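Below you'll find the structure, written out as structure tokens, and then a few comments.
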Amino acid sequence: MAPQEGAFLFGLSEDFILKKAREVCKCNHQTIITFFCQLFPVLDWLPRYNIKMQLLGDVISGLLVGIVAIPQSISYSLLANQDPIYGIYTNFFCSIIYVAMATSRHNFVGSFGVLCLMIGQSVNRHLQLAGYDDNTGSLLVGNATSSSNGTGTCDRSCYAITVALSLSFLVGLYQILLGVLQLGFVSVYLSEPLLSGFVAGSSLTIITSQMKYLLGLNIPRHEGVGSFILTWVDLFRYIQNTNICDLVTSLVALAIIIPVKMINDRYKDKMKAPFPIELLVVIIATVVSYYLNFEERYKSSVCGAIPTGFRKPTLPDTKLFSSLAVDALPIAIIGFAMTVSLAEIFGKKHGYAVHANQEMIAIGMCNLVPSFFYCFASSAALTKTLLKESTGTQTQLSSLVTSLVLLLVLLWIAPLFYSLQTAILGVVTIVNLRGGLRTFGETPRMWQLSKLDTVVWWTTMLASTLITTEIGLLVGVCFALLCVIFRTQRPRAAVLGKVSNTEIYEDQSAYRQLSSIANIKIFRFESSLYYANKDYFKTALYQKTGVNPVLLAARHHRAETQAKADTGNRKSVFNTAFGCLKPSKKRVEKSPTGIRLPSLDMHTLIIDCGAMQFIDTTGLSVLKETRHDYQELGVQVLLANCNPLLRRRLRDGGWAAGAHGGQLAFHSVHQAVQFAQQWYHEQRESKERRDAALDPEDLSVQASL
């Protein structure tokens, strides 16, 4: 190519790229409005907000969710290894940001038990690496006003929130990147049995971590593989040190909260709002602990001083990013999976659209921005979302009402919880795990519906409990993908029969009174054909049809070789004794390739490809080999119900080259059956004509022999 031509082509390509870039990146008034409405859906629904129809429901729902969020914010802070104030910060800031960016009208974003557990494990691991002691067994007594800005020393509590906010920054960054890159489909790999098993296993781990607070024991928090078992070993080892005051308080609180929760669940359709038993128990327990001085008299562990107001914004510690990058990934995945799942459930229930990628961006911003304000990672909270939906919320404006309730706590009410026992917080955390534990009772029905899904559930649950939550999630995802591969590697295969007086063909083992087609076998393979199941395809085909062409061809080849050897020996003796006789011209029926035909009860094999979504090159080779092997025995192979992609692959792969009359494949099984029957009648007529044309001398010799 001449230099002038190269420069000319380069100029054309450059102009083309610039033209396309201008089309994509053109900016006008309408484009800007559309962009901001997509990024901030509140700009779309808020101008159309109906105050008369929607405001009352949003206010009532927001108040009730805020009342429930107060004790849960404090208790989940304990689970995340943080001071109580940071749990309130998290729910406050996340609620406000999610209002502006969410497409879901019912999700409540805040502290979620499973995520708090994973955050607490990461924080505790970094505390140990940094050399902080865990003798207190809790961070609630730490100095929450310490600073890591260089104005003072960073104590254990300060370092814990530094780790948590840095982790939240990375989680939000991951989620925003997934949303911007339109990778919302990643959540489809977290199946419902997998998520359910993960939540159940995490619930057991959370209960185990909270038991020391219910018993008032100061035992170290174990991390890593086997932490579940090690924690229970320590609980029984130090059980003689149980704080009786904490134990009695825990039992009384459980005895009160659980029955009321059950009543709320049973009569939720008749009640306008559930009774806020948790907040009531927290208030009563705080008052009793304060006036009876449980901290001094019985050495009970209490929340301690909770500061009011807001702290100055801070930056994440970039030095921690390298060690937190791996920890942030499963938290980000679980966070957006729970958020998108709940959003889609309630969006479908109430008839509005939810955009998964926008939800990922929204939850990412709920983790990224609050990380500058001393918040830890969050997601859609299951309990509060269900409460929000059941109490009549109409829009995300109810979350603003919830934020106002939390703002009152942050500015004035928080110090009143000084005497609240940590045992009560543990009780509040445990009773809110009933939904995760309830799935254990659903496993028998799941076993009846799908044994493989049940195995996925138990595998994920046990791995999350006995190993670690992060590894348990990874094990669950890998095992679920292996189950999918297993299902396609060994799919169901069947021989079909015809429903009388119809053109419908069904599995003979599943339906009765199906008629078989004479000398025609119809085989259905209920999966795509690719390299992983090619051997099983052949095995199932030979087993279902009862004809193994490779084995029969080899057997007849050996028999033919032996027959030739025996005929040669008899011929020499026969010619010596009766040299006057001529050997007869006996006709032997052979297949097109010359091999003697065995006695078969089939002349056509039809493969129903209706369940095959695709075939790879290996699958195409297997189909060609199958056709060749059966044609060696005089059996033709036809395909039916091929989709357009499959037919194109067959055509490009040369399947039609060996087909009868160029026939590629048939659109239905019935068409293939009709073609096979017509072909068989033509073959019989042709054979009869050949027999009629034989020499009469040959016929007389054959008759005498």
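A Cβ is built for glycine as well, from the same backbone N, Cα and C atoms used for every other residue.
TrEMBL lists 55-74, 86-103, 158-177, 183-207, 244-263, 275-292, 320-340, 360-383, 404-435, 455-486 with the feature transmembrane segment. According to TrEMBL, the feature domain 'STAS' maps to 510-676. Marked as region 'Disordered' by TrEMBL: 686-705.
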Handout entry: Residues from the same chain, set at least six apart from the ends of the transmembrane segment (55-74), whose C-beta lies under 8 A from its own
Key = 49, 84, 87-88, 90-91, 108, 110-111, 273-274, 276, 278-279, 282, 303, 381, 383-384, 387-388, 391-395, 397-406, 409, 417, 420, 425, 428-429, 432
Fill in the blank from the handout: Given 86-103, 158-177, 183-207, the one sharing the most C-beta pairs under 8 Å with the transmembrane segment (455-486) is 183-207
Practice task
Please work out whether the transmembrane segment (244-263) lies in contact with the transmembrane segment (275-292), by counting C-beta pairs under 8 angstroms that are 6 or more apart in sequence and asking whether there are at least 3.
Solution key: yes
Problem - Contact call for the transmembrane segment (183-207) against the transmembrane segment (404-435), three or more Cβ pairs under 8 Å - result: yes
Problem - When counting Cβ pairs under 8 Å to the transmembrane segment (320-340), the leader among 86-103, 360-383, 404-435 - result: 360-383
Exercise for the section: Using a Cβ distance cut-off of under 8 Å, indicate which of 158-177, 275-292, 360-383, 404-435 has the most pairs with the transmembrane segment (86-103). Expected result: 360-383
Completion exercise
One stretch in 158-177, 275-292, 404-435 has more Cβ pairs under 8 Å to the transmembrane segment (360-383) than the rest, namely 158-177
